[in-house]
Amino acid sequence: HSHLNSSTFVLTGVPGLEVYSLWLSIPFSSIYAMVFLGNCTVLHVIRTEPSLHHPMFYFLAMLSLTDLCMWLSTVHTVLGVLYGFMQEISLDFCIAQSYFIHGLSFMESSVLLAMAFDRYIAISNPLRYSSILTNDNIMKIGVAILCRSFSFISPAIIRLKFLNYCRPHILSHSFCLHQDLLRFACSDIRFNSIYALVLVIMNLLLDAVLIIISYIMILHTVLAIASQEERMKSLQTCVSHICAVLVFYIPIIGLTMVHHFGKHLSPLVHVLMGNIYILFPPLMNPIIYSIKTHQIRRRVQRLFSLKAV
């Protein structure tokens, strides 16, 4: 087989509904606009509100930044396909996009773990909270998250460049994923398959387990608190985070299930799950935190009332 690395990959819009793609572009554009505005608003409020210059909100800012980067990595291909000005992309572009999508996915999971750690310290060790989570330490955690998310995936992503792609180049989604590219390869993909599995176990699965452990420890601490009122107050600060964790992990589990066991399902289900995986967390996180955090809620109301005047 000759190297087809100069070749292009065909993006899949919404299978079976191509006729309606211009209509479908309206809800998709609205969602992308909401993701952009929602996360920018959260970042703006955290930056300008002194009462939010606090570890918990610095981690929330990291989450919003991650979501904005996910928006940036996928907006052109997802909307490009629906508006009809982007049907195919080059291998290099595809590899770069998959690098950012997977890296940002790992990053989101790491930030959620850092937020669980933050809640654990705030509840179980409130007196030492500000001495443990200093600005300096938060910076270090941020840099560690970046390195962990993007360095370990590099070998698998770089190797995509040297595989031989000889099967029909029709992607399952309107963006590139590592496991999708492997389907077109005729080379030996064992390294990529095993390495990707190890990464998922060491990142997503490990983070999920550690988040569960931190919540078991939080519950243990909270149950030792005497008054019912204090208990509720402590757990209230965790509600947003628990929602953010569910919003992130449920689509990932769903997409994995569909990829592995849903071969017989219609392509529409695959595309739908892929889009939920990309768009649901960035759309929901600002909403969850705006509802549950009164400072953000107040500022958002103020922003909109100013615009309304």
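Backbone N, Cα and C atoms are what each Cβ position is placed from, and that goes for glycine too.
TrEMBL does not curate its annotations; it predicts them automatically.
Pulled from TrEMBL, these are the features on record:
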type	residues	note
TRANSMEM	20-45	transmembrane segment
DOMAIN	38-289	domain 'G-protein coupled receptors family 1 profile'
TRANSMEM	57-79	transmembrane segment
TRANSMEM	99-117	transmembrane segment
TRANSMEM	138-158	transmembrane segment
TRANSMEM	194-226	transmembrane segment
TRANSMEM	238-262	transmembrane segment
TRANSMEM	268-289	transmembrane segment
- [ ] Determine which residues of the chain contact the transmembrane segment (138-158) at the Cβ level, with the cut-off under 8 Å and only residues 6 or more beyond its ends counted.
- [x] 55, 58-59, 62, 95, 98-99, 102-104, 106-107, 110-111, 114, 178, 191-192, 195-196, 199, 202-203
Open item on the list: Counting only residues 6 or more past its boundaries, what in the same chain has a CB within less than 8 Å of a CB in the transmembrane segment (238-262)?
Closed with: 63, 105, 108-109, 112, 115-116, 119, 123, 179, 204, 208, 211, 215, 218, 269-270, 273-274, 276-277, 280-281, 284-285, 288-289, 291-293
Task: Ranked first among 57-79, 194-226, 268-289 for CB pairs under 8 angstroms with the transmembrane segment (99-117) - done: 57-79
